[in-house]
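Chemist: So Swiss-Prot lists these for the protein:
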type	residues	note
BINDING	His10, His60, His61	Cu cation binding site
BINDING	Tyr14	O2 binding site
BINDING	His138, Asp139	Mg(2+) binding site
BINDING	His146	heme a3 binding site
BINDING	His148	Fe(II)-heme a binding site
TOPO_DOM	32-39	topological domain 'Mitochondrial matrix'
TOPO_DOM	57-68	topological domain 'Mitochondrial intermembrane'
TOPO_DOM	98-105	topological domain 'Mitochondrial matrix'
TOPO_DOM	128-140	topological domain 'Mitochondrial intermembrane'
TRANSMEM	1-31	transmembrane segment
TRANSMEM	40-56	transmembrane segment
TRANSMEM	69-97	transmembrane segment
TRANSMEM	106-127	transmembrane segment
TRANSMEM	141-152	transmembrane segment
Amino acid sequence: YEHLFWFFGHPEVYILILPGFGMISHIVAYYAGKKEPFGCMGMIWAMMAIGLLGFIVWAHHMFTVGMDVDTRAYFTSATMVIAIPTGVKVFSWLATLHGGSLKWETXXXXALGFIFLFTVGGLTGIVLANSSLDIMLHDTYYVVAHFHYVLS
């Protein structure tokens with residue numbers, strides 16, 4: 001039953017973040033004085049990739065339930081692949097800021113804080129994507145920190 005729970009419940013995590021990504025893109029572009037974010041089409045493709053990949057990585061929440069090594073290897077690899085489109089988004093946000101005249105207002109500071117915390121959460125997520133490390137870090141504050149950093 002755990003597979004059913006995560007198979008249907010996990011993709012929503014990656015789908016629910018998409019509007020937040022859109023808001024950050026608009027906020028960063030506005031407060032950098034740009035008309036649109038850097039790499040607009042790349043950002044759109046990255047969001048579609050993140051949404052689709054969310055459907056094939058559910059079992060990274062289940063590394064400790066006795067999956068065989070081949071299954072763990074697949075979910076480790078598939079989970080790490082999510083870092084690629086996510087990195088495209090973070091790079092594009094930072095590239096949007098580059099060369100602009102950043103206005104240090106509340107919404108710009110919140111967007112920069114989100115980008116920083118989301119990046120730290122992504123780095124901890126890459127560590128947790130490794131099934132061997134995930135098993136060792138299971139039920140620790142490292143996992144709690146990852147979850148909260150990604151949620152920013």
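Note: Cβ is positioned from N, Cα and C throughout, glycine not excepted.
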Chemist: With helix taken as DSSP H, G or I, strand as E or B and everything else coil, how many residues of the topological domain 'Mitochondrial matrix' (98-105) land in each class?
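Modeler: Tallied per class, the topological domain 'Mitochondrial matrix' (98-105) gives 0 helix, 0 strand, 8 coil.
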Chemist: Around the Cu cation site formed by His10, His60, His61, which additional residues qualify by having Cβ within 8 Å of the site's Cβ center?
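Modeler: Filtered neighbour residues, in order: Trp6, Val57, Trp58, Ala59, Met62, Phe75, Thr79.
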Chemist: Since the record lists His10, His60, His61, Asp139, His146 as binding-site residues, which of them has the fewest other Cβ atoms within 10 Å of its Cβ?
Modeler: Asp139
Chemist: How big is the Cα-to-Cα gap, in Å, between Asp139 (Mg(2+) binding site) and His61 (Cu cation binding site)?
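Modeler: Approximately 11 Å lies between the Cα of Asp139 (Mg(2+) binding site) and that of His61 (Cu cation binding site).
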Chemist: Given a Cβ distance threshold of under 8 angstroms, which distant residues of the chain, six or more beyond its ends, lie next to the transmembrane segment (106-127)?
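Modeler: Same-chain contacts beyond the flanks: 20, 24, 27-28, 31, 79-80, 82-83, 86-87, 90, 93-94, 133, 137, 142, 145-152.
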Chemist: Out of Tyr14, His138, His146, His148, the binding-site residues in the record, which is closest to His60 (Cu cation binding site) when you go by Cα distance?
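Modeler: Comparing Cα positions, the candidate nearest His60 (Cu cation binding site) turns out to be His138.
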Chemist: Tally the residues of the topological domain 'Mitochondrial intermembrane' (57-68) by DSSP class, grouping H, G and I as helix, E and B as strand, and everything else as coil.
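Modeler: Result for the topological domain 'Mitochondrial intermembrane' (57-68), in helix, strand, coil order: 7 helix, 0 strand, 5 coil.
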Chemist: Check the Cα-Cα distances from His61 (Cu cation binding site) to the binding-site residues Tyr14, His138, His146, His148 and tell me which is shortest.
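Modeler: So, of the listed binding-site residues, the one sitting closest to His61 (Cu cation binding site) is His138.
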Chemist: Check the transmembrane segment (40-56) against each of 1-31, 69-97, 141-152 and return whichever range has the most CB pairs under 8 Å.
Modeler: 69-97
Chemist: So what sits near His148 (Fe(II)-heme a binding site) in its own chain, CB-to-CB under 8 Å and at least six residues off in sequence?
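Modeler: The answer is Gly121.
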Chemist: Averaging the per-residue pLDDT over the topological domain 'Mitochondrial matrix' (32-39), what integer do you get?
Modeler: 95
